């Protein structure tokens, strides 16, 4: 989602609020009292004071301790936050996310405020509006010759402002092949501001694209948000002019702006994914990397914007290096026991795009037999009969049925879902979550038993966001709206805090999405999934017509780990993930187990209401316009 700021519009990472209904205008968002109080038996939302979400970001350089800050320091207001304005650029899906072209200034916390809205008081000058406009309808275009003359690549990288990012230290990036988790090939991203040991064995995009992993000839970037100039800078100089195909879902004005970004770069080409169902997005995040030595696939959770690779928690699966098959090999050659090659080709074929044809042929010519994960994709459409199990959560259900086994006392094995966005679930849990999605997550083998185990949903609370490395602007990538939340108060009884001491990432807000089934003592996993799919029907699909068809709105992609593919009965949970210096048979879960349930004072982060009662780590508050 694009938001206007003093520094031009910037793209909110993966703001795929996949509700069936469009987002209401910001003019209807002003009163948090609309949210109401939860029923007496639901303790996961605040029952007393409502922490008004705050907007406002600090445009000066933050200083980070080696470890995540244990407490909040209210920093003094900088002497100047003036930065040259950048052009209004929106590079996410625009179908439902048009934003006002208003200007922003950071809103500082004032402990003497008599009203939580004073910090967002509007001035007469329209260009000094405090807050972010969340509107269905863009305002009339204003004539601004300065903006028209500005260069595309000057778009600010963060709501904090142009000077927010610091250069990583010299030892941040690996100079030799990083410690490789050969067992699972699952990695977290490097996070700026953490102690070095928590980044040892993690991967930054610069490392993924570096010669450490191959001599690049050509690549494809599938994603939701792009900052093309920044993305190309992540390629090493010797690969920067190699052909890059960008697969996106933008339409109309957003597409035009994306193409405008690429004008200076002749090596960039585009493929527009077909989105024929309303409110769908191209949310898949994947790299196809073609080397002189072979071919590689990377499936990840990060957008191609700097904010996603800076101080958020992200995850990725990196394939082995796939070597070229001997000429004349049969079509079935190079297949893995998990049928990954077949499924990847089927997923790419679903785009029906001539721009991808050459890549489909290249994949056919390579040996993918070492792959030990299963591919789980979503593609837009309505599917009948056996096609219902090709995509989305019914695809996950089929894989769990076919490749896992029932476990004694499995009704005590909780299901865990962790995500960064939430769609509309319905008036109660039977509408989709328990009546449909939970049936998938609780599948183990071909048993007809459908137990009702605990379900733990991990989503950051207001305080998690407030005390994060980014402060309140981290909430821009957690697009759960009050309009959706107030329709499903029942959902919040499932919520648990984001805590990740085991990976050092408690203060790096999650943009990663993971789902898993854990033992009652949380030391074993029955399976693990990392994916782009948030908790929404648009991403996972929803049954229709008396369960005779499934409708999927969006493109998503993830990989499923099941123990049988690794000759194991369960995955042991790794207790100390970092530093990751040697391969391990224990699985590196990104967050702490067991999850910590919301207290009666905790409330889920909602991005379009104010938070003014306490400052964030940069001394700012959050006041949406």
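Here the Cβ of each residue, glycine as well, is placed from N, Cα and C on the backbone.
Features of the protein shown, as given by TrEMBL:
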- 283: active site, nucleophile (ACT_SITE)
- 511: active site, proton donor/acceptor (ACT_SITE)
- 285, 513: substrate binding site (BINDING)
- 22-34: compositional bias 'Low complexity' (COMPBIAS)
- 42-51: compositional bias 'Polar residues' (COMPBIAS)
- 1-167: region 'Disordered' (REGION)
- 536: site 'Interaction with DNA' (SITE)
Of 283, 285, 536, the recorded positions lying within 10 angstroms (C-alpha) of residue 511 (active site, proton donor/acceptor) are none
Those recorded positions listed as 283, 285, 511, 513, and which of them has the most Cβ atoms within 10 Å of its own Cβ: 283
I'd like the Cβ neighbour count for residue 536 (site 'Interaction with DNA'), meaning other Cβ atoms within 10 Å of its Cβ, all protein chains included. 28
CA pair the residue listed as 'active site, nucleophile' / residue 513 (substrate binding site), Å rounded to integer, equals 12
Cα-Cα, whole number of Å: residue 513 (substrate binding site) versus residue 536 (site 'Interaction with DNA')? 12
Rounded to a whole number of Å, the separation of the Cα atoms of residue 285 (substrate binding site) and residue 536 (site 'Interaction with DNA') comes to 17
